Amino acid sequence: MQHKIQQAQILMDALPYIKQFSKKTIVIKYGGAAQINPELKEQFAKDIVLLYLVGIKPVIVHGGGKKINALLDKLEVKSNFIDGLRVTDEHVMEVVEMVLSGSINKEITTLLNHHGAKAIGITGKDANFMRARPMDDGKYGLVGEITKVDKKVLKHLIREKFIPVIAPIAAGDDIDHPGYNINADLAASKIAVALQAKKIIFLTDTPGVLDKEGNLISSLDKAKIKALKKDGTISGGMIPKLDACLETIRGGVECAHIIDGRVQHSILLELFTKNGIGTIIKE
Ligand SMILES: Nc1ncnc2c1ncn2[C@@H]1O[C@H](COP(=O)(O)OP(=O)(O)OP(=O)(O)O)[C@@H](O)[C@H]1O
Ligand SMILES: [Mg+2]
């Protein structure tokens with residue numbers, strides 16, 4: 001009996017948070033780095049369905065770095081990274097689209113639907129809802145900088161109780177344009193700002209942002225991020241991630257969180273417990 005009362009207490013502890021976030025849009029960036037094994041993916045899907053069933057409106061934007069690397073290797077197509085961004089030519093773009101829009105997007109959508117949500121997988125090419133232009137004058141090839149997010153498309157889906165699952169590919173202007181490869185963190189940021197989400201959460205493969213000694217930094221602001229960039233504490237994929245966090249809060253979203261997607265139920269721990277986990281980025 002005592003055990004059952006404890007279980008009820010755990011549910012009651014979540015009540016204030018459920019009240020706070022119910023009916024609110026929360027953008028969740030599901031990093032390729034966190035999509036490690038079938039069990040974790042299934043847990044992720046169940047956590048999202050729980051949010052959905054208590055009235056929160058999740059919007060998922062996913063990455064796929066590791067899987068893209070694996071297929072590029074298999075096909076012996078070379079790609080390299082500058083500033084944490086994958087330089088993308090037409091060959092690479094073809095693989096990026098196959099993996100993101102074909103494989104990962106449908107896998108996440110299927111899992112969510114299987115567990116009781118109504119998820120719809122889309123890319124920026126669907127209804128042309130996300131458009132882009134070459135980032136930094138084409139320095140990274142087909143890596144795009146988003147110029148427009150048509151929030152009407154997403155709002156429509158959300159209103160009809162769908163969970164949008166978004167692969168970070170944007171439409172080009174011409175009919176024969178292969179599309180733009182968008183860093184998923186930056187896509188999630190633009191989407192969170194367009195929807196004026198309550199918050200944005202990045203699930204990745206580190207406990208949060210780490211300092212030079214490898215200790216977790218629990219909170220960051222613009223000035224601290226600038227210093228970490230300057231002294232080289234952050235590198236690789238963490239650079240666009242923190243840029244995305246800053247852009248999101250600059251765009252009017254209260255806060256951004258970077259949490260460990262390798263920890264079971266990390267989203268629930270972040271949303272439904274007092275101190276949360278990971279790194280919080282605020283103004
Ligand atoms: N100071 C830092 N603290 C934590 N991680 C860091 C830091 N500096 C660099 N990183 C790197 O950033 C990586 C996370 O970014 P990465 O782009 O690899 O993952 P992701 O964005 O979750 O996945 P994807 O890009 O596939 O969506 C970490 O695995 C780590 O190697
Ligand atoms: Mg990344």
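Positions of Cβ are set from backbone N, Cα and C atoms, glycine also.
Whatever TrEMBL says is automated annotation, not expert-curated.
Take the substrate site that TrEMBL assigns to Gly64, Gly65, Arg86: the candidate from Asn37, Asn128, Asn181 listed for it is Asn181. Among the recorded positions listed (Arg86, Asn181, Lys241), Lys241 has its Cα nearest to the Cα of Lys29 (site 'Transition state stabilizer'). Comparing Arg86 (substrate binding site) with Lys241 (site 'Transition state stabilizer'), their Cα atoms are 14 Å apart once rounded. For ligand 1, the neighbouring recorded positions among Lys29, Gly65, Arg86, Asn181 are Gly65, by Cβ distance under 6 Å.
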